[in-house]
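Residues or ranges marked as pyridoxal 5'-phosphate binding site by TrEMBL: 96, 97, 129, 214, 215, 216, 217, 272. Sequence annotations record features per position, and here TrEMBL assigns N(2)-acetyl-L-ornithine binding site to 132, 271. Under the heading N6-(pyridoxal phosphate)lysine, TrEMBL lists 243.
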Ligand SMILES: *Cc1c(COP(=O)(O)O)cnc(C)c1O
């Protein structure tokens, strides 16, 4: 018999009822160390007092008015994001997929508004992930996402991630934009050369295309810069964000330059809930914290320390872990053992890590994790590796 909740997730049999910083507490009172942070969402940990009070203050005053009216928190958050990014303007959403939808619509509208409605195609990349709506699964294109859901939305051409020639081969008179995750998240924490992102920017400029960055997972300090594209020294024309910006409250946004947003006039796009007072109150508190003095420097220092410890664990457990990659606190470990064996051994060691493609696990800790907490997490990952080794020995007889 089908469960009351549609069974689209292969869930772990764990149910958490409380969180404290990097800790999650389950129904039995067991404490788990959370190295996944709700898939890169809880950037300031669980039940962060600053975020709780921002939400509580707003919750006592006003929850929802709709976008029929001005929303002061929304304007404040937009001003903060404009101040700290390439963007001049933005549209608020409730999720990442909606932010990417807006990005795709905006790119099409840009060309149609400029008198080139035939330019509607977007070059995207194999192995990428942009959300689960029809447009965003069409954009990503992978069989796992799209099978059985056709016909898909036309207008996406899939290049090979990191391969410039494959991008160039797809550009034609109908091409409107290139959309890319600066680091593949669900795809296994795969990073292209910085020169690749630079080259995409150059191609976009030369061909009159818009560059769309999907920074839904990489953004808001995760990689040690406020946004990952800063590492490559290039800026997009349009950027989708979500996950970290709400610190756990559903919130996303599609940021753009004034030029790219030219066609998005009153009545062209909308959302009932997008940019509601509650989400934006939390978003402002997240932005103020992450852009505060020394915050990102500390993320980079912690990332270096964690990375060093992970190299040690990889050397100590060569039959379980293979290599580490990623940027800042967006870390992927390619496993030698099956990645789900490591994830499950983690559960037994009361440690939460997130699987990804390419037999990887992801470590996406809260950005305000401490050195002592990193040591605690590494002790648990070590214990999980020891357990996987024991199972390997048993299987070998
Ligand atoms: C999570 C994610 C999305 C989708 O966000 P939702 O909030 O689940 O719709 C899109 N792109 C990337 C890169 C993501 O990591």
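Including glycine, each Cβ sits where the backbone N, Cα and C put it.
Note: TrEMBL annotation is automatic and uncurated.
Taking 96, 215, 216, 271, 272 as the candidate binding-site residues, the subset whose CB lies under 6 angstroms from any atom of ligand 1 consists of 96, 216. Taking CA atoms as the reference points, residue 215 (pyridoxal 5'-phosphate binding site) and residue 243 (N6-(pyridoxal phosphate)lysine) are 9 Å apart.
Here the recorded positions are 132, 243; the one with the fewest Cβ atoms within 10 Å of its Cβ is 132.
Cβ neighbour count for residue 217 (pyridoxal 5'-phosphate binding site) (all protein chains, 10 Å cutoff from its Cβ): 29. The subset of recorded positions (132, 243, 271) lying with their Cα within 10 Å of the Cα of residue 217 (pyridoxal 5'-phosphate binding site) consists of 243, given in sequence order. Put simply, the two farthest-apart Cα atoms among 96, 97, 129, 214, 215, 216, 217, 272, the recorded binders of pyridoxal 5'-phosphate, are 25 Å from each other.
Across the fold, the C-alpha of residue 132 (N(2)-acetyl-L-ornithine binding site) and the C-alpha of residue 272 (pyridoxal 5'-phosphate binding site) stand 19 Å from each other. Minimal Cβ crowding within 10 Å, among the binding-site residues 271, 272, is found at 272. Sorting the binding-site residues 97, 216 by the number of other Cβ atoms within 10 Å puts 216 first. Residue 97 (pyridoxal 5'-phosphate binding site) and residue 243 (N6-(pyridoxal phosphate)lysine) have their C-alpha atoms 11 Å apart, to the nearest angstrom. Cα separation, residue 271 (N(2)-acetyl-L-ornithine binding site) to the residue listed as 'N6-(pyridoxal phosphate)lysine', rounded: 18 Å.
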